[in-house]
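All remarks here apply to the structure that follows.
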């Protein structure tokens with residue numbers, strides 16, 4: 001019996017330890033890329049889930065690399081006993097004060113804080129977690145996982161330049177808008193002035209058309225007596241045509257210098273006797289008798305009205 005027990009113990013001692021499998025689910029937030037301004041405080045969270053054993057402990061390590069191609073450097077580590085350790089250049093007092101690793105939620109959430117960011121802090125941050133538990137009086141790693149994020153630090157000069165460029169673009173847009181507004185106002189004012197000028201011109205033109213023109217012509221005296229003839233012409237309103245034509249001044253009809261005289265002299269014909277009218281003697285002494293003879297004119301000149309009649313009056317005194 002003792003021999004069997006010793007053989008079984010030897011076989012168990014020679015049995016291999018359990019292999020480490022990547023069963024942990026590790027994620028880093030914010031990510032995959034996060035931007036911060038120079039001088040701000042950055043916070044990175046490492047979430048852990050899917051542990052294989054409930055009683056296992058976690059060892060968290062943060063690595064830093066300036067780029068994907070560069071070598072990763074261990075920054076800080078939290079052991080399974082929750083002790084924080086700093087490594088390399090990050091163990092110096094200047095950088096050590098700027099790094100803080102805390103366990104927010106036991107076995108699930110870990111926070112890395114980088115205070116007062118500098119341009120040299122820009123790069124890739126990797127969180128690697130290992131699940132450890134005690135197996136046969138030895139600490140054994142059961143699973144592990146990792147996740148990374150990229151942090152970009154924007155310098156103050158670059159941010160100022162970008163803000164200045166944005167303000168410059170906005171001001172340029174408003175300047176263009178102001179110019180367009182001024183042009184639109186000028187066009188509106190000019191159109192109003194032109195409209196008023198057209199209205200005034202039309203009113204003046206209509207007044208000129210509706211005005212009546214009179215022409216007075218004084219005929220020369222006859223050889224036989226004094227005769228005055230007046231001719232008045234009225235310009236009728238003509239309908240407007242498609243195109244405006246020049247107004248021709250109204251020319252009065254031509255009046256001959258002298259009334260036509262018959263070539264032969266006719267003896268004056270006495271008037272028919274009229275009824276005697278008894279008038280006072282004083283009035284009879286001052287009476288003067290006249291003989292009126294109507295003569296047809298020769299062919300009328302072109303343009304002269306045919307309704308014109310010329311008269312010749314001969315005066316004779318009757319001696320009583």
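Backbone N, Cα and C atoms are what each Cβ position is placed from, and that goes for glycine too.
These figures come from a predicted structure and were not determined experimentally.
Feature annotations, courtesy of Swiss-Prot:
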type: DISULFID; residues: 46-127; note: disulfide bond
type: DOMAIN; residues: 24-155; note: domain 'Ig-like'
type: CARBOHYD; residues: 25; note: N-linked glycosylation site
type: CARBOHYD; residues: 41; note: N-linked glycosylation site
type: CARBOHYD; residues: 89; note: N-linked glycosylation site
type: CARBOHYD; residues: 144; note: N-linked glycosylation site
type: SIGNAL; residues: 1-23; note: signal peptide
type: TOPO_DOM; residues: 24-180; note: topological domain 'Extracellular'
Cα-Cα distance linking residue 144 (N-linked glycosylation site) and residue 25 (N-linked glycosylation site), given in Å to the nearest integer: 8
Helix-strand-coil residue split for the domain 'Ig-like' (24-155), DSSP-based: 11 helix, 79 strand, 42 coil
Cβ-Cβ neighbours of residue 89 (N-linked glycosylation site) (radius 10 Å): 12
Within 10 angstroms of residue 89 (N-linked glycosylation site), Cα basis - recorded positions out of 41, 46, 127, 144: none
Euclidean distance between Cα atoms of residue 41 (N-linked glycosylation site) and residue 144 (N-linked glycosylation site), Å: 29
Entry from the glycosylation sites list 25, 41, 144 having the most other CB atoms no farther than 10 A: 144
Integer Å distance between the CA atoms belonging to residue 41 (N-linked glycosylation site) and residue 127 (disulfide bond): 19
Largest tally of Cβ atoms lying within 10 Å of a Cβ, found at which of the disulfide-bonded residues 46, 127: 46
For the topological domain 'Extracellular' (24-180), mean pLDDT (0 to 100): 87
